[in-house]
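Per TrEMBL, the feature domain 'Prepilin type IV endopeptidase peptidase' maps to 6-109. If you look up TrEMBL, you'll see 27-46, 53-74, 80-109, 121-148 marked as transmembrane segment.
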Amino acid sequence: MLLKSILIFIFVVISISDWRTHKIPDRWNAGILLVAVLLALVDPSVSWQERILGMFAVSVPMACLLFFVPGSFGGGDIKFVAAVGAAIGVKLVVMGSAAAILLAGIYCIRLLAEKRNGQKTAFAFGPFLCMGMTAAMVFGDAWAAWFLSG
């Protein structure tokens with residue numbers, strides 16, 4: 001529980017930093033990786049295989065999208081998702097990313113409603129990733145049970 005609380009603290013710091021600067025500093029992603037290693041040592045509920053798969057399940061598609069659509073994500077977002085995947089495993093990182101996309105989509109609707117003169121609008125995705133990952137950590141097992149119950 002303490003390690004997951006530390007993750008959430010890091011998520012808050014990343015959210016504030018990314019919102020203000022549109023950058024996720026590498027030191028915070030490294031901190032998440034450190035927590036991931038500690039979680040792997042003390043929390044057997046997520047296997048090493050799930051953690052390794054979690055590192056790549058969302059980050060690789062994001063990196064591919066960045067290759068084909070420059071500016072779609074920042075490198076910090078991709079590193080963040082990989083680090084969090086190592087911490088919480090494939091199931092929760094996929095659910096957290098889906099929640100982040102949903103939350104960011106709601107925010108984009110607001111941006112589109114306010115858009116003037118056809119100007120492009122960039123926004124920080126990190127805060128939405130942090131909210132989604134936190135929600136997945138808190139509600140993930142219940143979401144999965146509900147979704148799979150049919």
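Along the chain as shown, the residues are counted starting at 1.
Here the Cβ of each residue, glycine as well, is placed from N, Cα and C on the backbone.
Counted with DSSP, the domain 'Prepilin type IV endopeptidase peptidase' (6-109) comes out as 88 helix, 0 strand, 16 coil. Taken as a whole, the domain 'Prepilin type IV endopeptidase peptidase' (6-109) shows an average pLDDT of 97 in this prediction.
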